[in-house]
Amino acid sequence: MCGIVGIVGREAVAGQVIEALRRLEYRGYDSAGIATLEHGRLERRRAEGKLSNLQLKLVQSPLTGAIGIGHTRWATHGRPNETNAHPHATARLAVVHNGIIENFRELKKELETAGARFETETDTEVVAQLVSHLMDQGLGPVAAVEAALPRLRGAFALGFLFSGEEDFLIGARHGAPLAIGFGDGETYLGSDALALAPFTDEITYLDEGDWAILTRDGAEIRDIANQIVARPRQKIVSQAFLVDKGNHRHFMAKEIHEQPEVVGRTLAHYVDLAGGRIALPEALPFDFAKLSRLSITACGTAYYAGLVAKYWFESIARLPVEIDVASETRYREPPLDRDGLTLVISQSGETADTLASLRYAKSQGQHSLAVVNVPTSTIARESSVVMPTLAGPEIGVASTKAFSCQLTVLLCLAIAAGRARGTIDAARERALVDALITVPGLMAESVALEPEIEVLAREIAKARDVLYLGRGTSYPMALEGALKLKEISYIHAEGYAAGELKHGPIALIDENVPVIVIAPHDAIFEKTVSNMQEVAARGGRIVLIGDAKGAADHGLDTLATLTMPAVDPVVAPIVYAVPIQLLAYHTAVFMGKDVDQPRNLAKSVTVE
Ligand code: F6R
């Protein structure tokens, strides 16, 4: 988490640093800071909270240096106050950091013994103090960084600015992404290409262990063994980096509304419409028919997409699926078949636990398939095959359109697997493809329920606890519904398999707890109705997200019924994502919460 920026520019860089940080705010917004050289002297401005607070400080007290670094923070070590805000500095240098220095306590002790005085509660300050200490012993800035880097443990990316050194910055990558951008007499450092897109379309991604000296003429990149290396320059398509809210009040609203379009775009990439079959955009380096099982790993919402996919792979392709959250997979060290397949799912492609699980799977001789939204991300680059979700940049911290695009790609993969394994014939594949093709239209119809959902949101906003129930693929959707509501409204919400209710959670039901039941009229609808009856019998207030047939059949009093269009049950999760997201969104907006940047969260979770 955290975003870092560095610019060796021709004139005052503070404005550009802020612009780049604005694009990195998705990585954290606990505090922000900038350091520049003012006539060779290090000057910092830092502020608690969002970037706008830092901007105010810069208005009151501008910086004019032509070289600078900046940071937007998601707090790991130390409270999110101004003292702990980056850049951290000594008289010799300032540093910005993304990630965690795991051995900071040990280094801090050593440096304190040598006379260093620490001002913050952060792990980052040890980096500033360590490099400073090495410079006190006579090393120049480059040699000091070279000597310091091997002493740091953990996953991190760093940017250094040195007092009196107007002509260069240093960046280092060790487990967290870092890109260098090349401009006209200017060179940039950033946590991702999105941050640098306003200034350049020419990017180099540092490899693991690389560090680089950036000057106005370019960058000298060294690998982990300190050998000078050439890394490829890539052209980025700036069109893909347009970031605005359009006519919407929040990015999250825009991204929910965009779903019919982006799911359609994703489908067009995976479906041979004329042939009525799935046509994967990449050749697969493995054969689905030869797999004895599939391992899926991911975090948060992406994990729930994987959980839905488990139902699809097992029922359509008769392929057993093992799925776990990546923070567990990575340390569980599950036995994995050589030549088997691990599927990782990630919007950002940078999630530390997912990346570590991917690396573990590769170390076991597994093929890796990544469903990712950011095609230039580390996970995309390290996977043997990438199936992109074409959702476009997702800025709202709560994942919406990336989730529905993940589901779309995963269903296409399950169908392709079914064909390869001979568990579906051409007619069934065509029927599944026909169902998929209806999805964008059905999502658009579901968006039209928004006025009703807005009214319902006012009721949900009064609740302290909310339960979500579902069976089959609606069970992971219940988990996702609860996650979406809690992360942006801060209302406590839990998702359960509807059949599990009577094994404990039913004790929570009373007239104050809304129970949101996700139940398209499918083969197990009647079973879910029985669970709704159990809720009703205990005075629970039911909200049914179902279709007209279900609404007519259940015969119970509900707090509200959101009548969705009739859908083929196979594609229901993709379509039902819309009301779930809209309900969380409007509840949070009604409660006055910051839906795009909810407290304590960040968009890209690059720490474990
Ligand atoms: C919730 C949300 C998170 C992410 C999770 C994984 O709305 O967005 O739960 O899904 O942090 O992130 P990615 O998909 O970038 O690996």
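Cβ coordinates are placed from backbone N, Cα and C, and glycine is handled just like the others.
Quick look at what TrEMBL annotates:
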DOMAIN    2-217  domain 'Glutamine amidotransferase type-2'
ACT_SITE  C2  active site, nucleophile
DOMAIN    284-423  domain 'SIS'
DOMAIN    456-598  domain 'SIS'
ACT_SITE  K603  active site, for Fru-6P isomerization activity
On the domain 'Glutamine amidotransferase type-2' (2-217), the mean of the pLDDT values is 94
One should report the C-alpha separation between C2 (active site, nucleophile) and the residue listed as 'active site, for Fru-6P isomerization activity', rounded to whole angstrom, as 10
By the 10 Å Cβ-neighbour count, the most surrounded of the active-site residues C2, K603 is C2
